[in-house]
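If you check TrEMBL, you get these features:
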- 265: active site (ACT_SITE)
- 83, 85, 110, 246: Zn(2+) binding site (BINDING)
- 13-51: domain 'Phosphomannose isomerase type I catalytic' (DOMAIN)
- 66-127: domain 'Phosphomannose isomerase type I catalytic' (DOMAIN)
- 143-227: domain 'Phosphomannose isomerase type I helical insertion' (DOMAIN)
- 303-349: domain 'Phosphomannose isomerase type I C-terminal' (DOMAIN)
């Protein structure tokens, strides 16, 4: 909901989602921000998963017509699904074919900026790393026939990238669609083996065990050996392009994405799975984990810009301390300003507005503002479309 004012600044009340993967009660930043933003009491028994700005309702569609993105805070306590988002052409086809599960014809590239230590699976590992994991995890090997595994191993050192992608696609298609009884047997064998070995378990083994505790006997647990496992520290970011597999595992973050709800899922979820579409849509590119990190651009001493390779959105992060003042100038798009922490005065012309923890504001296009920090420190994010 947007609360209109006579100035170029409107207060926004964000939507809150209580998905079961969220953090409980006041352990969740989403809960704490929501309580400040909407004066709602925190229910300590409820999970608070995400807060979304703007909360698009018919009455405000005209006001928000220039915002081609959604701006969220996520508090992840339990792994989200193994998923990918379609590109525009595929989104149109999926929406026309199955509007119940694919509700709009838009793509959904997204960017994640960590607020805490944030864990995720992103993109396929280099083939050599996948093959090494196959050698070390016999239960993973047992999910796929030996011919397909052998074909994957055969192209590791090949210079033919298309042959590598084909071999990985064939392997992943059989892996993700493995018989449930066989998956159950192999997960249990994996757990039994690790409890009996006389060595410390590896990071990936521990992660697989953790996912199995959340989604017992689920093939998605073994995805930790196929996809890159990344850990972001506060301020670090990753961009998730269309048709790339990923899953958020734990932590809290800012997320900005194109205005869409299209998700193709295949694991770690009780929701609708579309494994056939996922297998066909993925690019099967492989990545070194270092390739996945975004490099923000320093705009001022206090602000950095996260600019993904899509026009729908970009985000600026601003860190201030008491007495700091930062000048803001909006471009050809309205902006959403989100205050994670602090107390500030937002000045425009002769008007001044209080900004505090939980404040979410819609800023008018082509305006100049000044932010003055009135607390020991402050952290803000601004999202906007990449227009002139």
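Every residue, even glycine, has its Cβ placed from backbone N, Cα and C.
Features as recorded by TrEMBL, highlighted on the structure.
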residue : record              : CB count, 10 Å
83      : Zn(2+) binding site : 24
85      : Zn(2+) binding site : 25
110     : Zn(2+) binding site : 24
246     : Zn(2+) binding site : 24
265     : active site         : 22
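Other than the site residues 83, 85, 110, 246, same-chain residues with C-beta atoms no more than 8 angstroms from the centre of those residues' C-beta atoms, the Zn(2+) site, are 84, 108, 240, 244, 245, 263.
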